[in-house]
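Encoded as structure tokens, the structure appears first; notes follow it.
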């Protein structure tokens, strides 16, 4: 089975007749947006019975008809024909080709045809249901339907599976059976009403027949029954008096016993009341102890949580305050060592300086002597050269000293700059840390406010949910009330139907209809007017006496029953004045109201009714009616309760069956009530919609605030991390500043030493230059040599001394200020450590206190819980003890009340028995006197002749029956015979000779209707059996289809989401008839299973997986998909196309698409285009012969070619 062709005429944008011929396999319909591709899908849905205009993307069903364009007028009808190849006999019809046609006319008319024969929509639905095509149209997946599949409720997803499983025809069968049950119930009620009516008519007619048969023996039976009852009463009273005398002693003994038991019960009750009263304070104390311990336990738990939070805060603060540096004592010891070393070096420097002074002095003397000698030598030039050479070396040292001083100054400036920058960074880090701390405090205040807002939003959500529940309950109550009132209205309307001969006269010439429906009565006066009209209230209205006589004759001829007719007054004019008889009637007293003035309606009918009520007045009660009749005997008085009183007739009593006037008023009132309830239901529905919208708004607000709280929590964690990092950075920057300050101080010391050395070398250079300017004679060489050698040794000694002095000076300068610097560093480190120790000590104390508090609180909580358990046990014990005492007390109280009631009853019985015995003795005397006065029989003769021991003669035989045998005396039977005889005696009158025949005919009809009623009840039982069988079949089909679909869904989902997991779940697995179906989907790499958390493509692919699983579990001959792959990427699209190619093996696929990959897998392409005239046109191209496998991509990329004019 597959779709063979689709012909569209005037459907939406297809103004001209267009035929699309389909082949097995995949057919793709392509075209630009708005060209009318989806109209092809709408046409398929529409021709297969879609009834929802919204499902066809319209506002009303007439929107499917071509609406016209600027160049083409609108059409008057739309027609779509779908031809199905039924060669395989999948459709249960004896045709190999089935054509379904649907036509819609502009005036709203609609027709269905099957192979050209007009049929019903139900016929088409039942025909298609065997192929898994139902009202849900799951085989047609339109635009946007994927989300509707996912967003469907569990029952909606069940409907898709049921439709695929072919359950629709069984559902239709069940619905048809239920409709038959409803219709049958109406017939059943009608037959029951008829049977009740016949049963009511059988009574009077049967009594008339009995009168005819029993007229002769009633008097004798009355006398016999009265005498026997009188004898029975006399004998019963005599025996009762004898028995009561014997029972009086037993009554007194029982009374004494009860009094003793009552005294004991009252004593025990007093003891128990005292015990219960004593247990009251103990129970209250136990409860108070338990309440206080419970409250203390809660406070202790809060204290424990607070202490643990403070312990964690102290640990965090300790970690932030932890600081690494040199030990101050080590620094101080090093400073002492430096000072000792500096003192030793200064002493050594003094010794070296003394040695240098001596060496200088020796060297000076020797050089002076050598100079004197060299003056005498010709080596003056060499000496000068030697001196100049020494001067050059001194100049080099001076230049080097100046260079070192300059470099030391630059280094000092660099370190000073680094120190300042480090201090700036430390200050900036400290300020940043303080800013983050202040921001954290502000955020904590904001979080408290956000928490308050979230709590308020949750309260608002709960209020909205309560309002929604109240609105839903109000709507339900209104709908229930409307249903009840509608049922009352229908029942009352059914009660207006005539069940006698009047029903046969409706529609006869001259019969205007029921008078109760033509007349109108002032509200509240229906009973009064009905009583005044009498039989006319239930009569039919006739135009004239002749027509009324013809109607009665027609009833008699056809044995149609009896009827009453109200003759219309043809003399009445169109004025509102009452008839002349009414105007001429004497005015009643002022306190009463004319009944005729309460009548309205058509003039001739109202005039007739007013003529009947001409001398009828409405009064408040029977007393007013009596007063009216006394003053005006010719008037009739009726009350609002329906009682009637006149000088010759009185009628009324308790309320009977409602009159037609009252019933008609009740029907009108019910109709008004239904209208008001319709308005109320509509208003309740609006309130429900508003409450639902308010609830959704509040829920969204709560979700938004919850998301804000989660984001605030994340930000709070980030701020805490930033705060910790900023604290660490502040401490690091402070350490760096301290180190930079120390290095800068050392650089300043080095700079001072370098400058001092440069100044010293400059002075020595000046001295050397002055010495170089002078000259001496060259001395004797020998002396000179000796002096030179001595001078050289002196210079060497001086040099060594000078080097020693310079070395000591350098070492002293290197140690100068180092001790003070170490002392300052030690003090700074000690102060920093003191501050850190103080902070750690404070944190430690706080942590110690918090730890002690937490430990004590946990210990206290344990003790409290133990004490609370003991208090709970004590309270339970006291409560149980008190409950036992109270139960025993209640038992004794009930026992006491029972004894008291029994004692009262015994006392009352004693008094009552005494009074009764006196009354019975008096009654015996009265009975004997009555027998003697009325029947002339003494008491002894009465008992001997008519006593209960005497046989009772049989009642007089019916006609044609043998007389019966005398029977045993039974008082109830004799009383019944007496009452029947009295009733018959009172109703004796003219004997109706036809009563027996009429009674036989009516009884036969009653028996026939009884048999019909039994048949209806048996048919109803059969229909209920059918409904149960259908439910069983539906359960079997759905169970199998669900399990198959669930298994397919797991496989298909795994293919579409490799590595993912999906499954179907039942909402109520115990009840397969009503359970829904839920979907769980977890794509690979994700932990979420909620469908709402998936992306758009994942949701679309999940919906496709569900539909494909249904397709595979219960294949259908064809499937139509409208852009189901629009939201998929190329990878997912390839997976979906692979599944489509699998479906092609068993089903025909028609796909509306824009995707190139989908087109490449198609066996045929249809292109839909629309020019500027707004009319869709179709061109087609077959890509491969039917049944041929798909070729490679390059082999079937054939360009679309225009179709021939006419059908495509």
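Cβ coordinates are placed from backbone N, Cα and C, and glycine is handled just like the others.
Checking the ranges 388-426, 427-465, 466-504, 505-543 against TrEMBL, the region 'Disordered' annotation falls on 427-465. Looking at 132-166, 167-201, 202-236, the range annotated in TrEMBL as coiled coil turns out to be 167-201. Within the listed segments 751-778, 779-806, 863-890, 891-918, TrEMBL records coiled coil for the stretch 751-778. Of the listed segments 614-643, 644-673, 674-703, TrEMBL assigns coiled coil to 674-703. For the compositional bias 'Basic and acidic residues' (427-440), the DSSP-based tally of helix, strand and coil residues reads 14 helix, 0 strand, 0 coil. Local packing around the Cβ, expressed as the count of other Cβ atoms within 10 angstroms, is greatest for 36 among the binding-site residues 32, 34, 36.
Within 8 A of the CB centroid of the ATP site residues 32, 33, 34, 35, 36, 37, 38, 39, the other residues of that chain are 13, 31, 1168, 1170, 1176. Listed binding-site residues: 33, 35, 38, 39. The one with the lowest count of other Cβ atoms within 10 Å of its Cβ is 33. With DSSP states grouped into helix (H, G, I), strand (E, B) and coil, the region 'Disordered' (815-847) comes out at 31 helix, 0 strand, 2 coil.
DSSP assignment over the compositional bias 'Basic and acidic residues' (450-465) gives 16 helix, 0 strand, 0 coil. Model confidence over the domain 'SMC hinge' (509-629) is summarised by a mean pLDDT of 75. Cβ neighbours within 10 Å of residue 37 (ATP binding site), excluding its own Cβ and spanning all shown chains: 26.
With a cut-off of 8 Å between Cβ atoms, the residues of this chain six or more beyond the compositional bias 'Basic and acidic residues' (450-465) that come close are 691, 694-695, 697-699, 701-702, 705-706, 708-709, 712. Residue 38 (ATP binding site) carries a helical DSSP state (H, G or I).
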